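S.K.: The structure's right below; bear with me while I get my questions together.
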Amino acid sequence: MFTLGAVLSQSRLSCGRQLVLVHCQRCASSQAKERRRQELLDRIIRVDHAGELGANRIYQGQMAVLGNSPVGPVIQHMWDQEKEHLKKFEELIPKHRVRPTVMLPLWNVAGFVLGASTALLGKEGAMACTTAVETAIVKHYNDQIRELIEEDPEEYKEMLDTLKKFRDEEQEHHDTGIDFEAEKAPLYNVLYQTIKWGCTGAIWVSERI
Ligand SMILES: [Fe+2]
Ligand SMILES: [Fe+2]
């Protein structure tokens, strides 16, 4: 009956009867696969939800300062795309029963402060922030895409399609930043490296707690 690799274990109960446990290896491996799938989706959705919330707050902060300037519509367009990204992950959180990161309140404030403070340096400052953030996010999405393809491209097709679409839009945001003279921001390299590594650290933390 258990020809597909059954494992039997026996133990004697205190009443003297013998307890026989039968473990189906196929069941055990499908349970392990399901656990792995849940852990993977948990980590991906938690961190991406946090990142998209942070991105929304950054663009909101930029709009608070530069909304009425000539670059207002450009920033608004990027913010509108971020709203769609966040909406998607807000749907995926309950769908896959993922716990959001405990860091959300901090990213909420930090995102807005980062967006507004860099925008106070002028259009170039805001765009330098955008190029730095989006560099970190594009790399992050590419890492996730690679991981899911290695894991099972068929199983994760829907998630892969979402991540690829968002990755491409984040790349556009990065390129827009360059087109709108990010590199002319005061202390561009310091600003760029600081923000990029700050985002990378935020990603690391949001994947874990
Ligand atoms: Fe985004
Ligand atoms: Fe973006």
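Heads up, the Cβ atoms here are built off N, Cα and C, so glycines get one too.
Just so you know, TrEMBL annotations are computer predictions that nobody has curated.
The Fe cation 1 binding site annotation in TrEMBL covers E52, E82, H85, E170. Residues annotated as Fe cation 2 binding site in TrEMBL: E82, E134, E170, H173.
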S.K.: Could you give the Cα-Cα distance between E170 (Fe cation 1 binding site) and E134 (Fe cation 2 binding site), in whole Å?
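M.R.: So the alpha carbons of E170 (Fe cation 1 binding site) and E134 (Fe cation 2 binding site) sit roughly 6 Å from each other.
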S.K.: Where E52 (Fe cation 1 binding site) and H173 (Fe cation 2 binding site) are concerned, what is their Cα separation in Å, rounded?
M.R.: 13
S.K.: Look at the binding-site residues E82, E170 and tell me which residue has the greatest number of other C-beta atoms within 10 angstroms of its C-beta.
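M.R.: Counting every other Cβ within 10 Å of each candidate, the maximum falls on E170.
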S.K.: When you measure from the Cβ of H173 (Fe cation 2 binding site), which residues in the chain that are at least 6 apart have a Cβ under 8 Å away?
M.R.: M78, Q81, T130, E134
S.K.: Can you tell me which of E52, H85, H173, our binding-site residues, come within under 6 Å of ligand 2 at the Cβ?
M.R.: H173
S.K.: Taking the binding-site residues E52, E82, H173, which residues show a Cβ-atom distance to ligand 1 below 6 Å?
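M.R.: Among E52, E82, H173, near ligand 1: E52, E82.
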S.K.: Mind giving me a neighbour count for E52 (Fe cation 1 binding site)? Other Cβ atoms within 10 Å of its Cβ, every protein chain shown.
M.R.: 23
S.K.: Apart from E82, E134, E170, H173, which residues in this chain have a Cβ no more than 8 Å from the mean position of the Cβ atoms of those residues at the Fe cation 2 site?
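M.R.: Surrounding the site, in chain order, are A55, M78, Q81, T130, V133, I137, V138, E169, Q171, E172, H174.
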S.K.: Which site among H85, E134 has the most other CB atoms no more than 10 Å from its CB, taking these as binding-site residues?
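M.R.: The largest 10 Å Cβ neighbour count belongs to E134.
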S.K.: Using the recorded Fe cation 1 site (E52, E82, H85, E170) as reference, state which further residues of the same chain have their Cβ within 8 Å of the centre of those residues' Cβ atoms, listed in sequence order.
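M.R.: In sequence order, the nearby non-listed residues are G51, A55, N56, Q81, E84, L86, I137, F166, E169.
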